[in-house]
Each structure stands twice: as C-alpha cells, then as structure tokens.
C-alpha cells in the first residue's frame with residue numbers, strides 16, 4: 001500500500017481477540033470498491049494485512065491476512081487445570097472408598113493409634129464412632145443437627161462463593177471470568193445474585209426455626225438489626241479501604257459495596273418476612289388446592305410490597321430527569337451510543353449515587369471504562385440497584401417457603417422450583433427480547449436491572465433444584481468441596497478480600513501476560529480458601545454474625 005508520496009506505509013494496530021472483528025479499508029480513490037475483512041484474530045498472534053494494488057478490470061482493491069506468528073491456544077491452561085482437579089478428585093474418591101472398607105480402615109487406625117489397637121479390635125463397631133471423634137467439649141447432638149440441615153443450601157452458597165473468590169482474584173485474566181462491560185452476562189456476573197438468592201432462602205428457614213423455638217419477634221428483629229449493622233460495618237471498615245495506601249480516610253471512602261448491599265438487603269427481607277411469618281409445624285400437610293398455593297397466598301402483603309418496590313425502580317429509572325441525559329437512559333456513557341452521552345453512565349442509577357453519596361464515595365473504576373472509556377465514577381452496588389437485590393432475595397425467600405411448606409415432599413419441591421424457573425425465564429425473554437442489547441430492559445449487572453434479576457433467578461431455581469436432587473434427595477453427592485466454604489461464607493469472603501495481595505494468595509509472576517501463570521495463581525489462592533474452610537469445619541469453627 002502506498003501513501004501520498006508513493007512510498008509503502010506500515011501501521012501497527014492492536015486488535016480484539018475476544019470476538020471476530022471487521023476490518024474496513026478506508027481510501028479516497030474514486031470509483032474504487034474498498035474491501036471489508038471479517039476475521040477472528042487469535043491471542044498473542046502477529047498478523048499482516050497486505051493490501052494489493054488496484055485492479056482496473058474489477059475496480060477492486062484486494063487484500064490478504066498473513067499470519068507472521070501463530071497465536072497461542074489460551075484455553076489450554078483451563079484444560080490442564082481441569083485435568084489436574086479431576087485427578088485430585090479421583091484420588092480422593094478412591095481413597096474414600098478404600099477407607100470405608102473395614103480391614104483397610106482398621107489398618108490405618110492401627111498405624112495412627114497403635115496404643116488403641118486392642119480396643120479397636122474388640123469394639124462392637126470395629127471403628128470409632130462420629131461422637132468419639134469429636135472433642136469432648138462439643139455435644140454429641142452436633143452431628144444430629146448437621147445431618148438434619150439441608151446440605152444443598154450450604155453447597156449452593158459455597159459454589160457461588162468459590163466462583164466469586166476466583167473471579168475476584170482475577171479469573172486467570174480470561175474475559176469470560178470478568179464482569180461484562182455493560183449489557184450481557186459472563187460467569188462472573190452470575191455469582192453475586194446467586195449468593196443474594198440463597199441468603200433469602202436461608203432467611204425463611206432460620207426465622208421459622210427461631211420462631212418455633214419460642215423466640216419473640218422483637219428478639220428476632222434485634223438479631224436481624226445487629227447482623228445487618230455488622231455486615232455494613234465490616235464492608236466499610238475492613239473490605240473497602242486499602243490500608244496499603246495509608247490510614248482510613250473518610251474523604252475518599254467508598255460507601256456502597258458487596259457486604260453493605262447484603263446487609264441492607266438482609267434487613268429489609270428479614271423484616272418483611274418477620275411481619276407476616278408464622279412458625280410452620282413439622283407435620284404441616286397440604287391437601288387442598290388452597291393449601292397448594294399457601295406459600296404464596298398467605299403472604300400477599302409481601303408481594304404488594306415487592307411490586308411497589310419494583311414500580312419505584314421502574315419509575316426512577318425511566319421517568320427521573322437526569323441533567324444532560326435522555327430520560328430512561330440505560331447506556332454506559334463514554335464512547336457508547338457514538339459518544340452522545342459521555343457523562344451519563346447508568347442514567348438515573350448513576351445520578352442518584354452522585355447526588356446522595358458524592359462522586360468520591362462511589363466506585364471509581366467501573367467495568368464500563370474498559371470498553372466504553374467512561375471517565376465518571378459509577379458504583380455497581382449503588383442505591384437504586386439495591387431495590388432489585390431485595391427482589392432477588394425475595395425470590396430466594398420463596399424457595400425457602402417451598403422447603404418449609406412441602407417438607408420431605410421431594411417431587412413437590414422440585415416441581416415448584418422448575419415452575420418458578422420457567423416463569424422467571426419467560427419474564428426475562430419478554431424483557432430482553434432474547435437479545436443482549438435490543439430488549440426493553442437488557443440484562444445488566446451494573447444496573448441490577450429487573451431482567452438481570454429474573455434471568456439469574458431462573459438459573460438459581462434450576463441450579464438449586466439440581467443440587468437439592470443430588471445432595472439431599474438421592475445423596476449421590478455430599479456437596480464437597482463447596483459445602484465447607486458455604487458453612488463459613490462470611491469468613492471466606494472477608495478473608496479473601498483482606499489477604500488478597502499477600503503470599504501465598506499472590507506472588508510475583510515471571511510472565512504477567514501468561515494466562516497459565518495467572519490461572520495457576522488464582523486457582524491456588526481459591527483452593528487455599530477451600531482447604532481453610534474444610535479445616536475450620538473439622539474443628540467446628542464457624543464465624544456467624
């Protein structure tokens with residue numbers, strides 16, 4: 001290709017390897033048809049676009065892409081990591097099978113406790129009981145309570161938490177383990193709503209348990225207030241500040257956050273449930289059509305409240321006048337929408353946070369600035385989105401009521417989970433028009449749009465159904481390893497945030513561009529927290545607030 005002086009010109013350009021891109025050759029030659037090339041470039045590859053001379057017979061300029069250096073297969077580290085974890089899991093499974101065989105189990109016990117060999121051989125059971133294996137200061141009823149507990153809930157919570165930890169550590173620098181820049185979903189966008197969902201499920205079960213034990217509603221309300229306050233305080237003082245940059249400074253402290261949203265959402269949903277909750281008896285049965293919908297009909301005031309909240313979100317989102325922005329704007333600002341609204345990131349949601357919290361007290365590096373080059377602060381855990389996190393927790397609350405009203409009726413429970421999933425899916429399909437950007441309300445994690453909530457609720461009901469079936473119905477899966485962090489979720493979340501930049505969770509890498517090293521570091525860090533939670537579980541140490 002030649003420039004105006006007739007000499008060849010070479011231009012180096014970085015292109016996106018996440019999606020196929022279209023290259024359009026610009027020129028000023030009259031009567032010339034300029035080519036377009038649609039090509040999916042590989043990661044860390046080196047390419048040349050060779051533009052050939054103008055063909056007078058066809059009036060076209062032809063060009064070809066030449067691969068100078070072959071791209072790397074960036075997905076191989078994921079395959080290797082998967083095979084390693086499958087190998088470790090297989091070894092542990094085989095070991096567990098051998099250990100439950102009496103001769104092998106007795107041999108291991110003999111080696112570990114040589115002084116107790118005679119007692120072991122002469123005992124009626126041939127091995128220590130679960131009660132024997134616990135410390136003397138732990139009551140024997142601990143195991144009985146644990147067995148009655150729905151392991152699927154802790155497994156679901158632990159699965160969401162571990163994916164969240166892995167994503168927060170970097171997700172191996174893969175785009176699908178990072179939050180979506182604006183509309184759409186990646187794996188990283190799934191886990192926080194699932195955590196909120198299962199929190200709502202736990203609220204229903206825990207409040208019912210406390211009321212059945214004879215606790216007064218005022219006492220339960222006091223515990224809810226205290227727990228919400230602690231979650232908010234931990235988020236503000238421990239998680240948000242970066243003490244490596246200096247002491248705590250209120251002038252630039254981010255007020256919203258994950259734990260803050262969890263705390264406020266928990267308080268609202270717990271109070272809402274407490275206002276209308278009645279202890280469900282163990283032997284409660286559902287025999288008539290009315291009783292078949294009792295988990296919904298008895299709580300109609302809650303639905304009125306939630307629908308009012310959602311109407312408030314819709315009204316503020318689409319009717320609030322935001323200076324310099326079109327009414328009902330849901331875009332990312334920056335260079336999005338051809339750069340027409342550069343300072344309108346998030347529309348009403350961003351405006352309310354700036355107005356009530358101030359620019360310095362919200363998140364300064366939103367995911368939208370990567371693709372859309374936004375320059376204004378925007379908080380994905382802001383005030384307006386909290387309305388829909390309350391709705392998300394409320395849908396989880398419904399799952400808890402299904403567990404309560406259909407206790408031990410596995411088919412009834414799973415069928416209702418499936419029906420709820422279908423209903424949520426239909427609503428999402430209508431709101432999004434089954435597209436990423438073209439719907440009435442796109443699924444958007446930064447906005448916590450209502451379509452985002454219904455979509456993730458659809459997935460949550462299906463996932464809970466599957467885990468419940470495998471763990472609590474068929475007992476084919478113990479829930480390990482996710483069950484253990486699920487039992488110590490607050491400790492794992494706070495711990496991974498506080499110690500994120502310390503060894504062994506992070507170390508200096510030789511090649512910071514390598515997916516392999518990033519993936520290894522992030523998986524090691526995440527696995528350490530799983531091991532820590534397992535050891536704490538074995539020691540019966542749980543951080544409850």
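From the backbone N, Cα and C atoms, a Cβ is placed for every residue, glycine too.
What TrEMBL records for 149-271 is domain 'Heparan-alpha-glucosaminide N-acetyltransferase catalytic'.
According to TrEMBL, the transmembrane segment annotation covers 78-101 (among others).
Sequence annotations record features per position, and here TrEMBL assigns transmembrane segment to 156-176 (among others).
Annotation comment: TrEMBL describes 191-212 (among others) as transmembrane segment.
Residues of the same chain lying 6 or more positions beyond the ends of the transmembrane segment (224-243) and with a Cβ under 8 Å from any Cβ of it are 249, 253-255, 257-260, 262-264, 266-267, 270-271, 274, 490, 494, 497-498, 545. TrEMBL lists 224-243 (among others) with the feature transmembrane segment.
If you look up TrEMBL, you'll see 263-281 (among others) marked as transmembrane segment.
Counting residues 6+ beyond its ends, the transmembrane segment (302-322) has Cβ neighbours under 8 Å at 272-273, 276, 296, 328-330, 344, 347-349, 351-352, 384, 387-388, 390-391, 394, 447, 450 in the same chain. Per TrEMBL, the feature transmembrane segment maps to 302-322 (among others).
Positions annotated as transmembrane segment by TrEMBL: 383-406 (among others). Sequence-distant neighbours of the transmembrane segment (383-406) (same chain, 6+ residues past either end, Cβ-Cβ under 8 Å): 150, 193, 196-205, 208, 256, 261, 264-266, 268-269, 272-273, 280, 284, 286, 294-296, 299, 302, 306, 309-310, 312-313, 316-317, 348-349, 352-353, 356-357, 412-413, 416-417, 420, 424, 447-450, 452-453, 456-457, 460-461, 464.
Remote same-chain partners of the transmembrane segment (413-431), defined as residues 6 or more beyond its termini with a Cβ less than 8 Å from a stretch Cβ, comprise 395, 398-399, 402-403, 406, 439-441, 443, 450-451, 454-455, 457-459, 461-462, 464-465, 468-469, 473. Residues or ranges marked as transmembrane segment in TrEMBL: 413-431 (among others).
Residues annotated as transmembrane segment in TrEMBL: 451-470 (among others). Proximity of distant same-chain residues to the transmembrane segment (451-470), defined by a Cβ-Cβ separation under 8 Å and at least 6 residues beyond the stretch ends, is recorded for 150, 152, 155-156, 159, 185, 189-190, 193-194, 197-198, 201, 388-389, 391-392, 395-396, 399, 410, 413-414, 417-418, 420-422, 424-425, 427-428, 431-432, 439, 441-445, 476-477, 479.
Summarising the annotation, TrEMBL assigns transmembrane segment to 482-499 (among others).
Per TrEMBL, the feature transmembrane segment maps to 519-537 (among others).
Taking DSSP states H, G and I as helix and E and B as strand, the domain 'Heparan-alpha-glucosaminide N-acetyltransferase catalytic' (149-271) has 93 helix, 1 strand, 29 coil. Within the chain, the transmembrane segment (482-499) has long-range Cβ neighbours (under 8 A, six or more residues past its boundaries) at 151, 153-159, 161-162, 164-165, 168-169, 195, 231, 234, 238-239, 258-259, 505, 525, 529-530, 532-534, 536-537, 541-545.
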